[in-house]
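**Student:** I'd like to ask you about the structure that follows.
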Protein chains: 4
Amino acid sequence: MTEHVTSLNLCNPFDDDKLHEECGVFGIYGHSEAAALAALGLHALQHRGQEAAGIVSHDGRHFHSHKAMGKVGDNFSSEDVIKSLKGDAAVGHNRYATTGGTVLRNVQPIFADLANGGLAVAHNGNLTNASTLRRQLVAEGSIFQSTMDTEVIIHLVANSKKIKVVDRIVDAMHKITGAYSLVALTSKKLVGMRDPFGVRPLVLGKLDGAYILTSESCALDIIGAEFIRDVEPGEVIVIDETGISSTSPYTNPQKRFCIFEHIYFARPDSVVENRSVYDVRKGIGRQLAIENPVEADAVIPVPDSGTPAAIGYAEQSGLPFELGIIRNHYVGRTFIEPTDQIRHLGVKLKHNANQALIKGKRVVLVDDSIVRGTTSTKIVQMVRDAGAAEVHMRIASPPTTHSCFYGVDTPSRQKLLAAQYDIDEMCKFIGADSLSFISLDGLYVAMGEKGRNAATPQYCDACFTGEYPIDLVDHDSGADNELTLLSES
Amino acid sequence: MTEHVTSLNLCNPFDDDKLHEECGVFGIYGHSEAAALAALGLHALQHRGQEAAGIVSHDGRHFHSHKAMGKVGDNFSSEDVIKSLKGDAAVGHNRYATTGGTVLRNVQPIFADLANGGLAVAHNGNLTNASTLRRQLVAEGSIFQSTMDTEVIIHLVANSKKIKVVDRIVDAMHKITGAYSLVALTSKKLVGMRDPFGVRPLVLGKLDGAYILTSESCALDIIGAEFIRDVEPGEVIVIDETGISSTSPYTNPQKRFCIFEHIYFARPDSVVENRSVYDVRKGIGRQLAIENPVEADAVIPVPDSGTPAAIGYAEQSGLPFELGIIRNHYVGRTFIEPTDQIRHLGVKLKHNANQALIKGKRVVLVDDSIVRGTTSTKIVQMVRDAGAAEVHMRIASPPTTHSCFYGVDTPSRQKLLAAQYDIDEMCKFIGADSLSFISLDGLYVAMGEKGRNAATPQYCDACFTGEYPIDLVDHDSGADNELTLLSES
Amino acid sequence: MTEHVTSLNLCNPFDDDKLHEECGVFGIYGHSEAAALAALGLHALQHRGQEAAGIVSHDGRHFHSHKAMGKVGDNFSSEDVIKSLKGDAAVGHNRYATTGGTVLRNVQPIFADLANGGLAVAHNGNLTNASTLRRQLVAEGSIFQSTMDTEVIIHLVANSKKIKVVDRIVDAMHKITGAYSLVALTSKKLVGMRDPFGVRPLVLGKLDGAYILTSESCALDIIGAEFIRDVEPGEVIVIDETGISSTSPYTNPQKRFCIFEHIYFARPDSVVENRSVYDVRKGIGRQLAIENPVEADAVIPVPDSGTPAAIGYAEQSGLPFELGIIRNHYVGRTFIEPTDQIRHLGVKLKHNANQALIKGKRVVLVDDSIVRGTTSTKIVQMVRDAGAAEVHMRIASPPTTHSCFYGVDTPSRQKLLAAQYDIDEMCKFIGADSLSFISLDGLYVAMGEKGRNAATPQYCDACFTGEYPIDLVDHDSGADNELTLLSES
Amino acid sequence: MTEHVTSLNLCNPFDDDKLHEECGVFGIYGHSEAAALAALGLHALQHRGQEAAGIVSHDGRHFHSHKAMGKVGDNFSSEDVIKSLKGDAAVGHNRYATTGGTVLRNVQPIFADLANGGLAVAHNGNLTNASTLRRQLVAEGSIFQSTMDTEVIIHLVANSKKIKVVDRIVDAMHKITGAYSLVALTSKKLVGMRDPFGVRPLVLGKLDGAYILTSESCALDIIGAEFIRDVEPGEVIVIDETGISSTSPYTNPQKRFCIFEHIYFARPDSVVENRSVYDVRKGIGRQLAIENPVEADAVIPVPDSGTPAAIGYAEQSGLPFELGIIRNHYVGRTFIEPTDQIRHLGVKLKHNANQALIKGKRVVLVDDSIVRGTTSTKIVQMVRDAGAAEVHMRIASPPTTHSCFYGVDTPSRQKLLAAQYDIDEMCKFIGADSLSFISLDGLYVAMGEKGRNAATPQYCDACFTGEYPIDLVDHDSGADNELTLLSES
């Protein structure tokens, strides 16, 4: 019954050297299969968080909750579980941990029994003033049950002097700073809202007359729901038995959607902020080929996230697209506690170079980004070991030079390869014959813009530029240090 | 990771037809093996609650917590667990559920991160105004994480306007009504307190200079600690690095110790409220023999709780003491989901009549109490089936006619056999040739009193008399209905 | 899915310093609830083996098997399991490991698909020529799947040139030497047999027209079956749809029933070889008091196995019988990997001295036997620590000086206290004021004999005398060393 | 401890409508990290069997075994397990069940303690006279512990009259008929052998002076071992401390390698029978485009097995290669017991059509084969639902019309779509606008042959032609019915 999680079920073979999206959310109101549909939606959003999942439903009288460490499919597919989550409305959440340790208490949705009824909240993003607010709340007598940002929101709602739950939620919104796309369930309403910069995604859909609020359109596809529109930055959507309504409590919301969602986080079959992710990635690959051509024999994607850009690169360059790196799909929780022998073999557990193909060839490797550079180094070496004549690395994003504070798990700046080295040094570090990144403007061009608007950039690109659109309250005040007094085993 | 518990590990073979003590507590301050000693103390108190256990320790800087469903020995004996519970101070708790479902969140000690530091509380007893207080607290913005009474205390402490933690605790004490013996741990102090009637036990002990507060003296014996004294009704004991201090915030505490602790709850090798439990039980058996003699061939205890009284009865009556009912010690979680065939065999899984002994004999069965009467009925039948010539049942307590609201799990009144029937009817119900109970005055005599002081009884005997010394606030106001909005699976 | 067992669920608190019975068996033929009844019978025989259990049933066409490490109640109580064990006939087995490691493959009943149909065998006892036979069989091409004696029998049956299964079994019997009470199930018959000395028990019972063969009568009591008689030494009983038949393939069987079954192994409510075990034990206590009286204040049983003899001793001596040692029933799998601190506390986890009773008293402790003496030493110390004025140890069996080779787990001779020391030295070793054992002749007298018949003793008492009635073939030829080539994890 | 497996961890999203390879084997001799390397090799061969895995090692004195249901990575990655598998030699096995139920006893390698020492065998393939041999062996007194073909081999070895183990193995080979590539470990030797038709693959490799025998070259790549050569049909290779030797006990072995290994079973990065699997598959795609061109806008692989052929098809046809179907990598043990709602959603759990890409396009879907046709039907429908203007299905193998009896799990003939319908009917069944298969001769051309040699085909292509090169002894004699007398739960 101990709650520690020893290992994550990562899926991308090089996932440990990637940035990580923190969460996926799903809410549905007015469907007799609410919990089953929420489970499916969360399954479609599994790439946004594999550590834990939870669903809270409401049946008109009671709330029902099930949370579990691990994947949605492993924990929410039995008839028993789905039947226990009664009712026509549900909110669910996939978790990838950043703030808060990996115990069941820290799995969302969070539920609280407030004076005028229950409230369940599921949240994707990160508050930048959570620590500051938490200290104030504790000083006033609030008792926290978790170490999650989301609980700050719940306490603000509980302490609001407003009467109606939605007014209390809006009240809370005015106190928090940060990136947040959240769905909340009361005994009568499903509420969705996005921060005023719209950093994290949230879309509205519909199925059999029931409304859905979720992180990406792929969670609508899996259940055959219709995509309606993106929720707007700063918009609050309320769904109840009278229908749907929208308010915008913020006066000047300004869209700064996370550009990395298009580069890596979102599923290629999702449409986010009106663009096909697959299409954008192929476009980036084409632009990358225009900016950084090279004479070579084959374009090889680093699986799986580099594949669409590699297809675009191959099309633009006229070079053949080839599967030069074969991925072992059976990694699962593989080799959790490897022996030293196994550990030294490293990345080979997860893939293999296609020697018969690579031998003697000049290859272009296409990947989406470089974070620490450890994986790129291993891949270049593996491809060389397989006999490549030349290895040219092409990256479908600009150099990642800054940490994210808006709900993405990034290493500290000093661990980002591009924060330490220039491109030549990086090329030497990873051992490639050449290394190029798409330019910042080129990236915007590939997104359909004329280029980056330096005054008010069209996207949040802080990880490439260090221009943070939202105040880093805790970080700047030094309040973001450890809050946990209790360690559980 | 689901938290439901399907079955309790009961130990007494007829435990499902007994009253149940709700909890055992243990606190220690100033010993380098604090958590290991707490685990042992809780093991010695396992009879007070087998459903779950928890320990919170403090190492001078941080608190550490481990909680688990199940027995102490199964969950707190590994070196890993004990080592994770660092520090010189610890509080622990054994749980038998009454209020609050069986989920890990409801396992004590409860911990909260208050404005001036952490607080862990472990509680034995039951508040009679918990629901009333909880509603007030929620209305003022408190968010509850459990359904336990104990959390009401924590929120009262969090919301107190006093500065020092001990003052806040005393502040909380003045708001609560009910039976409570609790131990609390802050980053600097171990606090113990008993309600002003001293209904539930709490004793003070010492080992190698470290003070201990725990429910029964047997938890001192197991670690070789010295028994010092009972904590007084309404007393607050504070232990810190400066030593031990005591205050009595209540003006007129009046001792009304639970008499059923002597009859059944406490371990026979404990000394509670200055009396050897074994000795008291033998004395009750002797008094029972004086009041209710019978011509017979053997005195047979209903194992194991009837044994000391049976020895006393045998000594007084001069009849031989015999093991006529053999208990199967291997019941464990036995036959959790029995087939119908097995279910019909009922009580036989847990014991067997010693046919060779019983055949043709007139036997006196001695048991500690009759609750619903279902078990007594089966035992009498089993002894008859084994060939007994006559079966005389003698009960070492007066008829149990009323429910307990002070921390004991009793069936509702209408299920208590003695609330429905007179003794003749009860005798017929259980199928015995004769049935007698010790008289109420006889019980007090066996306790060393001259008899019961009707004006201000020396003990709480509400289960026999209906005279409840502490106000039943929630019960009388109708506030004690369901609070849970959320059901977890 | 690894099969190691880390700990046994022992029940007797001092069990690790006792001899251990190796197994219990149960067979039933002709009852629609065969498997459920077998599960109950095995539950009643749990004291004969707690490590693992198995049941094989036959439904007229197929055999069905379920085996599991752990207790019967934990593994054979679900409706699913019982329903999967279809049919009107079943054999079952409780295992306490001696030969063969603790893997599931070594759990009985063993099943084999022979040329003329399936055969399942469950066995209590130990073959003394198993290693010798096994080597011969392997040399002839037999492949063993386990390291159990029982499999030798199966291979002998498989290789017999006889046609009928029963003839093959008898053929096998003539090749094996040792102690064995076994039940076997074919597609048409239930077979039971005892070795020609009848060392291990086997009784015949009947329920609703169905015959039962099992180790002790308590397994009949639990299901309300009628006891018919003991199976005779060397007798083969065959039960099929035509009824029951008996043959005696041995010319001169000579009864040498294990006397330790009466002293310790059998349940006190069982009747074995026509004597009530409880009655015998009380008689031994009385004889012990006659032979070894002492001036004292109380007779205290070492729980639980010393209790009947203590009652007898108290009756005979006129001293009061008192519960001076309280057992903690919650040991379970307790403290599997204790910390050093906990380990040093040793035996105290399992019981506590009743200090209030013992203080200042001269006490007689009654126990059934002394094996290594480690536990007796701890008990005497504990009773002294509780303030006893004098401690006199009385043992309800003669000194255990020799190992058993007939199905009882004994330490090697050099670890038996009585093989190393005389009684005075033993008394000093355990720290008692006096120590006495019942005499060998006294033991026979307590069994209703005039004394031990030295020429042909009425019982097997090799553990007290070293007179082994059955040849120790492997032991004497040195063949009993390690056979296992494969270690599994 | 029950051994049933409720679900397989399949990886290919449409795996339930594919043929399944039954097993992968790995043997290594003379390396200090033998077991760790075996675990890695089995991990690389996980696609050949995901149900269970086992490794047996030998340390010069003892054999050590670990077997587990589930994937290699989940069960063989801990240091504890690897350390327990001591020694310089090891054999391992991945299992996909066909004969024999899914209990741990049926997990290979099988070990037996023979008269001249231990023998462990791991086997890929299927004996076509196993039932016939088994009956003979049982009649002669052999006792089987499993229901696996492999055990027949072990018993034949045990009963051989030859002296040396290798001679006994060859003796056994002459009695068995069928497809088998096996590795065996004795206390002194590692033995590898292939059936005289070489149906299943087996390759020889070398690492640091240690020899390796394994199913595919990808198991050499993962540990950086050198590929030496394929083991020849009918060849027996013996490796011991004196080096490596080879014999060919069959007079006229004739190579008939399974052509489906190239089409689907083997990993694309493996080189089998001297050909790169990836290269062969691309070549098949090209040939398919030559034989069956179509006007369209995009070539879309059915992931993941159709991808190499789709790349070849796109190259040859000049049409763009696009990712039109996105696979959800998180299926794992997903939705084991789905609710009806979830079940009806079917294949959508595992992938999603890339709507933004497909809408309005004429698409060519490329898949490796059609078995039952159920998956193809769903995929075509899904692509149509996504808005495709036309859907043309191209299959990279001829119609699968016959079952395999040589170690591949095929449905019975009547369930094979191509055994029931002609191509037009199949096209209608799956709902495509057109459907074409590569021709049988075209397949051979793509393999580098001039065409199929009808007299003595270069490969076993019985699944396309019904020409079975090896006698179907059990099948033709009707001996292949149920052997299991015992069902275990």
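From the backbone N, Cα and C atoms, a Cβ is placed for every residue, glycine too.
Curation does not apply to TrEMBL; its annotations are automatic.
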**Student:** According to TrEMBL, B:D367, B:D368 bind Mg(2+); which one of B:S305, B:S317, B:S403, B:S412 is annotated to that same site?
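**Tutor:** Checking B:S305, B:S317, B:S403, B:S412 against TrEMBL: the Mg(2+) site match is B:S305.
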**Student:** Per TrEMBL, which of B:C23, B:C404 sits in the [4Fe-4S] cluster site along with B:C258, B:C460, B:C463?
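**Tutor:** The candidate from B:C23, B:C404 that TrEMBL ties to [4Fe-4S] cluster along with B:C258, B:C460, B:C463 is B:C404.
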**Student:** What are the other residues, in sequence order, whose C-beta lies within 8 angstroms of the center of the C-beta atoms of B:S305, B:D367, B:D368 at the Mg(2+) site?
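**Tutor:** Here the nearby residues are B:K18, B:I263, B:Y264, B:P301, B:V302, B:G306, B:A309, B:V366, B:S369, B:I395, B:A396.
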**Student:** Going by DSSP, is B:C463 ([4Fe-4S] cluster binding site) part of a helix, a strand, or coil?
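**Tutor:** The residue in question, B:C463 ([4Fe-4S] cluster binding site), is helix (DSSP, three-state).
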**Student:** Can you tell me how many other Cβ atoms are located within 10 Å of the Cβ belonging to B:D368 (Mg(2+) binding site)?
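**Tutor:** Its Cβ has 27 other Cβ atoms within 10 Å.
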**Student:** Applying the rule Cβ within 8 Å of the centroid of the Cβ atoms of B:C258, B:C404, B:C460, B:C463, what extra residues of the same chain belong around the [4Fe-4S] cluster site?
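**Tutor:** Leaving out the recorded residues gives B:V199, B:I259, B:F260, B:Y406, B:V408, B:D461, B:A462.
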**Student:** Of the recorded positions B:C23, B:C404, B:C460, B:C463, which one has its Cα closest to the Cα of B:D367 (Mg(2+) binding site)?
**Tutor:** B:C463
**Student:** By a simple count, how many Cβ atoms lie within 10 Å of the Cβ of B:C404 ([4Fe-4S] cluster binding site), its own Cβ left out?
**Tutor:** 22
**Student:** Tell me which residues of the chain lie with their Cβ under 8 angstroms from that of B:C460 ([4Fe-4S] cluster binding site), as long as they are six or more apart in sequence?
**Tutor:** B:F197, B:V199, B:R256, B:F257, B:C258, B:I259, B:Y406, B:P469
**Student:** Which state, by DSSP, holds B:D368 (Mg(2+) binding site): helix, strand or coil?
**Tutor:** coil
**Student:** Please name which of the recorded positions listed here, B:C23, B:C404, B:C463, is nearest in space to B:D368 (Mg(2+) binding site), Cα against Cα.
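**Tutor:** That would be B:C463, the closest of B:C23, B:C404, B:C463 to B:D368 (Mg(2+) binding site).
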**Student:** Of the binding-site residues listed here (B:S305, B:C404, B:C463), which is spatially closest to B:C23 (active site, nucleophile) when Cα positions are compared?
**Tutor:** B:C404
**Student:** In whole Å, how far does the CA atom of B:C404 ([4Fe-4S] cluster binding site) lie from that of B:S305 (Mg(2+) binding site)?
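**Tutor:** With distance taken Cα to Cα, B:S305 (Mg(2+) binding site) is 20 Å from B:C404 ([4Fe-4S] cluster binding site).
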**Student:** Measuring Cα to Cα, how many angstrom lie between B:S305 (Mg(2+) binding site) and B:C463 ([4Fe-4S] cluster binding site)?
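**Tutor:** That separation, Cα to Cα, works out to 18 Å.
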**Student:** Can you give the mean pLDDT for the domain 'Glutamine amidotransferase type-2' (B:23-242), rounded to a whole number?
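**Tutor:** Mean model confidence (pLDDT) across the domain 'Glutamine amidotransferase type-2' (B:23-242) is 92.
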